[in-house]
Amino acid sequence: MIMRMTLTLFVLVVMTAASASGDALTEAKRIPYCGQTGAECYSWCIKQDLSKDWCCDFVKDIRMNPPADKCP
């Protein structure tokens with residue numbers, strides 16, 4: 001539960017910074033777990049025990065492409 005709250009807060013901070021700079025992709029690549037692909041971000045997100053839908057939305061929010069076989 002604490003991990004989810006921490007991750008949510010972290011994502012909000014990153015997305016706020018990304019909105020301010022106008023470049024979410026650049027900001028997302030500064031997050032160590034995102035790597036270079038949407039699949040890497042999705043994989044990391046799932047390992048945090050977050051829902052499939054939440055992870056799909058997260059990857060899309062940072063302007064990366066989630067894995068097509070996992071996200072509709």
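Every residue gets a Cβ built from N, Cα and C, even glycine.
As annotated by Swiss-Prot, disulfide bond applies to Cys34-Cys41 (among others). Reduced to three states, the DSSP call for Cys41 (disulfide bond) is helix.
Swiss-Prot lists Cys45-Cys55 (among others) with the feature disulfide bond, giving experimental evidence as the kind of evidence. The 10 Å shell around the Cβ of Cys45 (disulfide bond) contains 23 further Cβ atoms across the protein chains shown.
According to its DSSP assignment, Cys56 (disulfide bond) is helical. Annotated disulfide bond per Swiss-Prot: Cys56-Cys71 (among others), in sequence order.
According to Swiss-Prot, the signal peptide annotation covers 1-22.
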Of Cys34, Cys41, Cys55, Cys56 (the disulfide-bonded residues), the residue whose Cβ has the fewest other Cβ atoms within 10 Å: Cys56
